[in-house]
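Per TrEMBL, the features are as follows:
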COMPBIAS  597-625  compositional bias 'Polar residues'
COMPBIAS  626-637  compositional bias 'Low complexity'
COMPBIAS  647-666  compositional bias 'Low complexity'
DOMAIN    332-416  domain 'THAP-type'
DOMAIN    512-592  domain 'THAP-type'
REGION    473-492  region 'Disordered'
REGION    597-676  region 'Disordered'
């Protein structure tokens, strides 16, 4: 039976982070009856916005009788602009939302006569329908032109768009209107619109999703549905902070739905609004005649103020709570692990303080790396697979309001403690018994046990090729001196398996710009495998000379070819930084593994070997000794050299023993008369 006490509404949208919340509010507000959804290009392409509408309807548990109609994919007369800088490449970046199980089948049966379908659905209601538009107005303009008789079935058209003053795409233009100003002109001047209401940016910018709102959202439940919405808000907050410097993102589109649900919550003003269509700088500007200067017929109600923002958020949270009870995510929570890493403590039980990040299956190569690093190549890519934040390096995150983490694009999970790592190996070995194609992977292994290093793990991993890297992972906070000692420990615990030999070049023009140029460094072989921070050689020639000397390139002169020289973060101490990622102007790389130092000495063409900073005095003494060209001086120089190389070569004792044996053999050889005479002299 139809509930005649509810207002029937049709939502035309372009999901969009804020559109997702508008769909939920329209579907679950007690005074509204959502009779249908139509999509339009805007925040992303029409294919993406339609797919996103199905996703939101699926996770929010919308009834199947609510149709989702794929609308117009173009603007009327102009090129369409999408907004990936705010909404990401999918339109709903920030988390991975499960696909609607019937989406592909519904798209195959899609009827291209979308305007007729929208019109038929609206007139069949039998009551005046409120048409809410939260995207560009292309669908609405075509509907009014082709079916002008729809006026008899409409109560009003409420749109989110336009601005009185400052815009968000151009200095004076708002995105929805600017994307199709011709369609907006048709809607604002059409005689077939019974009542037109505009919700401008000036109002929506007062309704921001603050940290308190996120906390209220998380407090509703620990379900995956609320987690998805929370992650959407976090991504939205990060992009708005980056693009517009907002501390909290404004939730635009739900404001239009909230106005229909409760008009008493808002303050409005009837005025004349025209659309600028030909301006070079303000195309799509809504010209609002607030003071009736032109004395023209007033055609639009503009919402100027919301009386109680807290009441709006109560409406929104209540709708989300109702949606959570009907969400399909309750089934997925019982059948999908929270974290796909074998042995992870966050795999089977929810931890409210931990964030989970969905595998980016829409980026094939990145998703493959996620499964490879977590040793879950047995899984087929799915939008339901996630990895918790504990398996990502800190450099992979952007922080929002100091408590929320947003994963940077192309970040990879690389952190695993010892117990989890052994379980991952055991699981992979077990899967290899039935699947011979699975191979072990290159990985960065973090452990709190300093005795565990790459050589210890070699017989366990049995890598055919690749590398293993270990780092000491502190479990508590520490001071700078402790952190510096840990960094030194990290730099000496690398192990390379079947390392490919690379020819040394006198210039760096042929080397990839996204690799560390220190020979033997793990990031010299794998192009940013673990997304380590790289630092370019300073322009100051004095400091640049120190960089090249420290990294074993003493024989290379500073020139234009050395401008591409880069060193990764792991070769600097904590004291070399004046910020989390800002290198001091006079910082010089000083942390090198034993393997790196040996390669530096091999490729260095000069006779003087490189030494640590604490060996500088000894080196100066060595270079000051004159060469007497006799066996005694040569033996002394050899002893000095081998003693100073002790820190680089673990087999120094064997080397010294071989040198002593060689000298004894030489002493037994009969000397020539000239040699004997020279010895007597």
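First residue shown is number 1, and so on along the chain.
Cβ atoms here come from the backbone N, Cα and C positions, even for glycine.
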The domain 'THAP-type' (512-592), counted residue by residue under DSSP: helix, strand, coil: 25 helix, 8 strand, 48 coil
Mean per-residue pLDDT computed across the domain 'THAP-type' (332-416): 77
Structural state census, the domain 'THAP-type' (332-416) (DSSP three-state): 20 helix, 14 strand, 51 coil
